[in-house]
Structures are given as structure tokens and as C-alpha cells.
Amino acid sequence: MNAFRFLGDMTHLFSVLVLLLKIYATKSCSGVSRKTQELYMLVFVARYLDLFTDYVSLYNSVMKVVFITSSAAIVWCMRRHPQVRRTYDKEQDTFRHVVLIAAAFLLALIFNERFTFREICWAFSIYLEAVAILPQLVLLQRSRNVDNLTGQYVFFLGAYRAFYILNWIYRYFTEGHHSRWIPWLAGLVQTALYADFFYYYFLSWKNNVKLELPA
């Protein structure tokens with residue numbers, strides 16, 4: 001654990017809390033991609049299969065439980081909550097996320113650290129997380145106007161990955177050139193996907209105007 005890893009975890013957690021606040025306070029999921037949330041739930045379940053078999057620390061276990069349960073709660077609200085589900089924009093959220101799942105699974109079968117069930121699931125979660133934000137970004141571009149809480153949610157998700165890249169760089173120089181190429185490459189791809197959003201987020205903050213993305 002180092003400062004960059006901790007800040008990454010906290011910004012990730014904060015992004016989830018922001019989204020939960022939006023849904024529960026406004027009883028609306030307008031502007032939120034259910035497909036992205038389903039992908040994240042799949043990411044956490046696949047990655048944290050070791051929750052009940054490998055104990056690392058209380059912090060580690062709590063964070064795993066929080067991310068699994070919070071993602072499941074968000075998906076449940078968007079699918080089952082009587083008020084929230086009525087605000088879901090199914091017509092705009094049309095990205096074929098099944099393609100992302102299939103591609104991530106295929107990559108995990110080919111490129112993994114060990115050809116075991118747990119390692120393939122771990123690699124699958126890394127590849128899928130790298131592109132899980134795509135349905136959300138596409139939805140925001142189609143709707144153009146981005147409400148404040150949704151914008152902050154996406155911003156903190158991107159910040160989480162940026163801190164993790166700094167964490168990997170720090171570990172590389174302080175832990176005997178520690179490196180794991182799968183999360184490094186996937187993390188760079190994931191961060192690059194946020195570049196356009198960050199640019200318009202910065203402009204909206206600088207000019208003190210509502211965030212709008214180009215169609």
C-alpha cells in the first residue's frame with residue numbers, strides 16, 4: 001500500500017458514492033448507462049473470487065465487499081426500483097456491451113499470467129474494466145447535456161485509474177522493478193478513453209458552465 005494506491009481506492013469509492021447519492025436522492029438514473037454498471041458488477045465478481053479463500057487484510061476484504069455490493073445495488077435499482085427504472089433511457093443506452101464481454105474473455109484465454117480458472121477470471125476482469133466505461137461515454141455523447149453528479153461520477157472514475165498508473169510507476173521504482181504488463185496496458189487504454197471527457201470537464205470547470213459533450 002502506498003499513497004497513490006490509497007488515493008486511487010478512495011477516488012474509486014467516492015465515484016460509487018456519488019452515483020449512489022444521485023440515484024437515491026433524485027430517484028433517477030437519467031444519464032447513467034445500465035450496461036456500464038452491469039459490466040462493472042461482472043468485473044468485481046470475476047476479480048474478487050478469492051474473497052472467501054485468500055485473506056490479505058481487513059481493508060482489502062472490506063473494499064472488495066463494498067465494490068461488489070454497491071455495483072449490485074446500482075444494477076438492482078436501475079432494473080427493479082419502481083421509480084428509478086422508469087427514468088432509465090433505454091433508447092439511448094444501446095451500446096452492444098456483450099461484444100466487450102466476449103472480447104475480454106477471448107483476450108483472457110489467450111493472454112494471462114497462468115492458465116488457471118482464477119487467473120483467467122482475473123485477466124478477464126482487467127480487460128473488461130478497461131472498456132467498461134464505453135457505454136457510459138457513448139450515452140453521455142448522445143444526450144450531450146451532462147448533469148453535475150453524473151459528470152463527477154465519471155470524473156472520479158477516471159481519476160481513480162490515473163492514480164493507479166502512478167501507483168504502478170511508484171512500485172516499479174521502489175519494489176525491484178515490479179511490473180505486471182496486463183494491468184499496465186489495460187490501465188493505459190482505460191485512462192486514454194477518458195481523455196476527451198477530461199478535456200470537456202476541464203473546460204466546463206474553467207468557464208463555470210454546464211458540462212456538454214460534442215455529439
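Glycine is no exception: its Cβ is also placed from the backbone N, Cα and C atoms.
On a predicted model such as this, the values are computed, not experimentally measured, just so you know.
If you look up TrEMBL, you'll see 1-25 marked as signal peptide.
Feature annotation from TrEMBL assigns transmembrane segment to 58-77 (among others).
Distant neighbours of the transmembrane segment (98-116): 39, 42, 122-124, 127-128, 131-132, 134, 180, 182; these residues of the same chain sit at least 6 beyond its ends, with a Cβ under 8 Å from one of its Cβ atoms. Annotated transmembrane segment per TrEMBL: 98-116 (among others), in sequence order.
Here TrEMBL flags 122-140 (among others) as transmembrane segment.
Within the same chain, residues 2, 4-5, 7-9, 11-12, 14-15, 18-19, 22, 32, 133, 136-137, 140, 146, 179-180, 183-184, 187-188, 190-191, 194, 197-198, 201 sit at least 6 positions outside the transmembrane segment (152-170) and bring their C-beta atoms closer than 8 Å to a C-beta of that stretch. Residues or ranges marked as transmembrane segment in TrEMBL: 152-170 (among others).
Residues annotated as transmembrane segment in TrEMBL: 182-202 (among others). Remote same-chain residues near the transmembrane segment (182-202) are listed as 111-113, 123, 126-127, 129-131, 133-134, 137, 140, 151, 154-155, 157-158, 161-162, 164-165, 168, 211-214 (criterion: CB distance under 8 Å, separation of at least six residues from the stretch ends).
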- prompt: So which residues does the transmembrane segment (58-77) touch in its own chain, when a touch means Cβ under 8 Å and the partner is 6 or more beyond its ends?
  reply: 1, 9, 12-13, 16, 19-20, 23-24, 29, 34, 37-38, 40-41, 44-45, 48, 51, 84-85
